[in-house]
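The structure appears below as structure tokens.
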């Protein structure tokens, strides 16, 4: 008979709903089956996204602005659909089954896309490297395939990472320590898949065929799913404690409005809250009162209007604090949109910019312009182990913070590096325009006598910035989400990238129309050798600098989640986190 203590303390179960043994499930031995899928899925996504702008312009004959807009719109959809997928997982199906159904949709989309670029009836006919204009039905089939992938991604993206984090028991100090490194190494596998895509798949697409370039990740994706399901007996599944966890987001403001004329008690302990034993018995976590968004506290007034016998009882402090967390995360989310817009340049304007430069490496080999994105991934792959193994322990010794620095400090460093990267991109583009004028180049096909490796610093810096930004944001939104909304919480991360792509699509379209009207020279024209892309990069630099100031303000206002960490066996840690203090950078500790 197994001792009770050998079961997980966080109430996780197996696929049949039975309690699971801590020694035989979860941790990295379970996550090993998940990271393979993440690597292949990222390889598939970046295999499409990193070179899609070139496919649209060379194979489907779209102009520069239209191709950039269509890439951004598709990428935006890929990152926005997780909102629906996370809601379904948190409210109805759970992470495992939502992922299962969505992954099949994803694979179907990849198979259709491979057909769209392989079969003669689905792709434009070409002769001597020049393709005819695609028919309406061919364009429709191509884009339908792309957006089926976006739908499938909606259910896989928010759930696979949170499902991986669920494999670590927060009530076990040793497992909680392992979890601190989980997102770093999870993103490491993601970067590995992206590296294969930008180095290998992009070359295959341009030199051996688009069908083979899309077919390889499709096969890899199918293989990774088999590996994922092979690990099913080792997985832990969190039990949802409420059927509609997002309901409080609407209920709390309504209750607070009904009590708007009531007086808040001077002592927060007088607000309505269950006894600690209730949370211990239910397996949920109690959240403690924080002094922000005080108007929402009126939803938990014991003697307010909602104490009428015919109405619902007052909301609890824990419910109110969950809503406060979401509002606070929304503040941080807003200041991540501009950085996501900068990131969108990697797969759009940076790629088109690279096509105008000297891409030769030796006498015979020419570097695909989209392959320069591999340096983003390489800098990430090198930076993640250095960050996790050297930077964090070094800083942890001084700050006593298990993460070394706080989540918002991590984001702030990333945003600063990103501003430096776009400043360098602006300077390089100014240099490119100077070379164009010096050599009297005007034609769209003329190659600027300037090595493509001039673009390398901006790619590398954006990769380093993403080690702080992407991983930091994913961990921040997972860590700070209310307990029952962690899948939905991580969609703050994905939707921020999605809105950033839509925002870039909007900016490119508006800037092109405004600067190109009345016969003027557009900043972003079809002929990048005769436009003002440097002005556009300068514009991005200005709004990025302003956004950095907005982030510093928002981070100073943010208050981290404070909750109990108690299990039925007894108290493991009475309060997760420390009292909020201010760091030297002005960010919350």
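Cβ coordinates are placed from backbone N, Cα and C, and glycine is handled just like the others.
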Which stretch does TrEMBL mark as transmembrane segment, out of 139-156, 157-174, 247-264, 265-282?
-> 139-156
With TrEMBL as the source, identify the stretch among 24-47, 48-71, 72-95, 96-119 annotated transmembrane segment.
-> 96-119
Of 385-406, 407-428, 429-450, the range TrEMBL tags as transmembrane segment is 407-428
Range among 183-204, 293-314 that TrEMBL annotates as transmembrane segment = 183-204
Which range of 535-554, 555-574 is transmembrane segment, per TrEMBL = 535-554
Which range, 358-379, 490-511, does TrEMBL list as transmembrane segment?
-> 490-511
Best-packed against the transmembrane segment (325-346), counting Cβ pairs under 8 Å over 96-119, 139-156, 459-478, 490-511, is stretch 490-511
Intrachain residues whose Cβ lies under 8 Å of the transmembrane segment (96-119), provided they are six or more past its termini = 15, 37, 41, 44, 48, 55, 59, 85, 88-89, 138, 141-142, 144-156, 159-160, 163, 209-211, 214-215, 217-218, 221-222, 225, 228, 235, 237
